[in-house]
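The following features are taken from TrEMBL:
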DOMAIN    42-294  domain 'G-protein coupled receptors family 1 profile'
TRANSMEM  29-50  transmembrane segment
TRANSMEM  62-83  transmembrane segment
TRANSMEM  103-121  transmembrane segment
TRANSMEM  142-167  transmembrane segment
TRANSMEM  183-207  transmembrane segment
TRANSMEM  227-248  transmembrane segment
Amino acid sequence: ERQGMNFTASTAVPSLCNITLSSNSSLLASFYCVSFILGLPANCFAFWALIQLIRAKHILPVYIISLTLADFLQLTTLPVWATYVLEGHKWPFSSAYCEFCGFLFYVNLYSSVGFLCCIAMDRYLAIVHPLRSAGLRSPKSALLVSVCIWLFVIGACILGMCCSIYRQKTALCLEDYPGKTRYAIFKIGTIVLGFLLPCFILGFTCIQVAKCLQKSISVQPQERQKVICILVLVMVIFVLVFGPYHVLGAYKFITFLVLTEEESYCQLERALFLPYRACYGLTSFNNVLDPLFYIFICNDIQERLRDLFSCIPKLNA
């Protein structure tokens, strides 16, 4: 292992690269608080609307329900992360709870990415290959795919926890300065499989659906424009929420593996600490944006939302 990248039990004071850990406390805490305050009621409404669809004997929207459940996983930990950063990046709870919260963060992040890809692929099959995919697109097959995604993501996250994410001597959770070689390799792997590959899938499906809609003469221009806007919105949300964290992470961890001197590691960590942690906090906003995605793509939810607000004047009267 490189010098400075692993700390032994005899190390008195572990290096933190002279980073002021509390410098971004207010920014990150505000990210988590806003995401929690807006995301919790929005996801509760989305989940309620989906349950109503099931009770009304609609086809089970498996991917959307799975996406909602993934959001709930991270929402439960946001107050904990806000407390952590306000304490100056000092984890006030047990090491086991740190690993559990880190586990939920990654499960939410990459299961959300997976289910967004499933929704995009389902749209692609329904519009571009409606006849060929008729037998494949069923609630049972969607449930099977969802279970596979949950199992794959959970298994990968458990494997990732082998790279310890809690530092006893510094009370850091899910971060370390300077980092470790094996953790950098693991992160690059997650970036390739959890961001670059899904980005290609989303880009391909969006382009193919857009081309198919432009050639179709049976779809009304207004409806065609609406579908294209939805596809663009899906891609923009994916890139803006998950993109900065993964792009900056790719630069950080690839550069980290190339460097050979400990002081160079610390210079890199100091330069990227604020922007990388801000991008990390930005990923929590998928909990806020996902319910908007549900409202845009599901006409039944739009109708129930209009019904809900139309009842408010009557109640006040």
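Cβ atoms here come from the backbone N, Cα and C positions, even for glycine.
Tertiary neighbourhood of the transmembrane segment (227-248): same-chain residues 109, 113, 116, 119-120, 123, 127, 191, 194-196, 198-199, 202-203, 206, 209-210, 213, 219, 272, 275-276, 279-280, 282-283, 285-286, 289, 293, 296-297, selected by CB-CB distance under 8 Å and a gap of 6+ residues from either end.
If you look at the transmembrane segment (62-83), the same-chain residues 6 or more away from its ends with a CB under 8 A from one of its CBs are 28-29, 32-33, 35-36, 39-40, 43, 46-47, 50, 92-93, 97, 101, 104-105, 107-109, 111-112, 115-116, 118-119, 122, 139, 142-143, 145-146, 149-150, 284, 286-287, 290, 294, 298.
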